[in-house]
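K.L.:
I have a structure here, written as structure tokens, and I will follow up with some questions on it.
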Amino acid sequence: MKAFSVTCLGFAVFSSSICVNINILQQIGYIKQQVRQLSYYSQSSSSYIVVKLLPNIQPTDNSCEFKSVTQYNKTLSNLLLPIAENINNIASPSPGSRRHKRFAGIAIGIAALGVATAAQVTAAVSLVQAQTNARAIAAMKNSIQATNRAIFEVKEGTQQLAIAVQAIQDHINTIMNTQLNNMTCQILDNQLATFLGLYLTELTTVFQPQLINPALSPISIQALRSLLGSMTPAVVQATLSTSISAAEILSAGLMEGQIVSVLLDEMQMIVKVNIPTIVTQSNALVIDFYSISSFINNQESIIQLPDRILEIGNEQWSYPAKNCKLTRHHIFCQYNEAERLSLESKLCLAGNISACVFSPIAGSYMRRFVALDGTIVANCRSLTCLCKSPSYPIYQPDHHAVTTIDLTACQTLSLDGLDFSIVSLSNITYAENLTISLSQTINTQPIDISTELSKVNASLQNAVKYIKESNHQLLSVSVNSKIGAIIVTALVLSILSIIISLLFCCWAYIATKEIRRINFKTNHINTISSSVDDLIRY
């Protein structure tokens, strides 16, 4: 119980009651990998971000003329011009057309979209709808143009939160403006040119898909981070009421952006950002496990448990998370994907080994070891475990399913020729002798589709061959059957003719005998008649 209580304390930050016995499960090859907090999200609102791509330069005493800014302005104009033209083509109806397609009362230039999916048309509708907020966008534009503040908020009657970001201005404020009077114009111009050149390279790289069609290509995570610059955490905190870090929200792809306007005169880009609503279920943990083979009842086996489970209080479910977004510490889902576990699986997760089910392993390509917090958990009965420092072979007893190798046992470990450095101590305080009955091992090998298809194809080819041979045999049998039928018919007719002949002979013999008998009686009667006549005459 001591080891189990230690495991519970390890998860106390997430939940007050943890039933999964991590230590016992690790001894049978079921190793915990990651614990994540479960959160649900939905796209519910949007905000507009105004990005000023050309910074304000504080006037200097020596009136420096920064040629780098002029060149940067020219290059950036060439970069943004295709985006602005593309947006205008999509947001404006096609010229010369009397009838325009309308979505929610807004005219869209369908010809500018080309072949587009439903999602892309929806994105175009979103772009055009953003044009209706021209007053709010203009207010943000005019506000940001004359200020050196990197972030501020503007609220309209719709209570939509708009955040204006100057990605370059933050750097100008903290570095450049403090040194303007202490450096020559040439040095300042060179330093500014270097910074602007790097930023321009970054913009060109991350916005390359936007040059094709900004309405149909959402802004990538890299583009959002590039736009926001060092202001990313502040923007996320201002738009989302959550304690989750900005890095995790962006890496999960929960914030999606779309360029809706480009103002070439002011060198500003207006981006619509879809802001998700995030709700965290405080007592719900999603635990990832990694299964390796174990030595059970003198054979290599693997435990039959799901790779990911959801634990809420004292209950566990299988949790595939097929449609979720995973980060290091959180898992974001639009709905709950939990699936029920059998009672035996729950008992097994709780550390009741007698309720666990194992499947025998067939084949040599199997997961036989895993790195865990600087230690190695391996099935040393199915692979060669050799400690190189100090040098000795590692033996796994029959009553141990796997072997945990930490710094006290080995410093440099070789597993079938692969070398690992052990840097940590194992947190397992005890290891018990495992007793697993033969009835707990069942055959649940997954089907190798390619192999089975090859077998089926071979069987079909053999079947076709046998069918051809069978048809040939049937043809020969049918011919022989005709000849046999003729012979049998002849024999039957011959027998019938013999029988008829015998019957005819018998009938002829009987008829002849009967005729003779009748003739004899007739002669006898005639003799008697003659005698009677003679007697009468006498």
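Yeah, the Cβs are placed from backbone N, Cα and C, and that goes for glycine too.
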K.L.:
Choosing among Cys333, Cys348, which residue does Swiss-Prot name as bonded to Cys324 by a disulfide?
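P.N.:
Here Swiss-Prot pairs Cys324 with Cys333 via a disulfide bond.
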K.L.:
Quick test of your reading of Swiss-Prot: among 128-156, 157-185, 273-301, 505-533, where does it put coiled coil?
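P.N.:
Going through 128-156, 157-185, 273-301, 505-533 one by one, Swiss-Prot flags 128-156 as coiled coil.
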K.L.:
Within its own chain, what residues at least 6 apart in sequence put their Cβ under 8 Å from the Cβ of Cys333 (disulfide bond), listed in sequence order?
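P.N.:
For Cys333 (disulfide bond), the qualifying residues are Leu38, Ser39, Tyr40, Tyr41, Ala321, Asn323, Cys324, Lys325.
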K.L.:
How many whole Å apart are the CA atoms of Cys387 (disulfide bond) and Cys380 (disulfide bond)?
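P.N.:
Their Cα atoms are separated by 12 Å.
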K.L.:
Given the recorded positions Asn73, Cys380, Cys385, Cys410, find the one whose Cα is closest in space to the Cα of Asn352 (N-linked glycosylation site).
P.N.:
Cys380
K.L.:
Note the mean pLDDT of the topological domain 'Extracellular' (20-482), expressed as a whole number.
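P.N.:
Averaged over the topological domain 'Extracellular' (20-482), per-residue pLDDT gives 72.
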K.L.:
Given the recorded positions Asn73, Cys348, Cys356, Cys410, find the one whose Cα is closest in space to the Cα of Cys380 (disulfide bond).
P.N.:
Cys410
K.L.:
Per DSSP, Cys348 (disulfide bond) is which: helix, strand or coil?
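P.N.:
DSSP assigns Cys348 (disulfide bond) to helix.
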K.L.:
Indicate the candidate from Cys356, Cys380, Cys387 with the smallest number of other Cβ atoms within 10 Å of its Cβ, considering only these disulfide-bonded residues.
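P.N.:
So among Cys356, Cys380, Cys387, the disulfide-bonded residues given, the one with the fewest Cβ atoms within 10 Å is Cys387.
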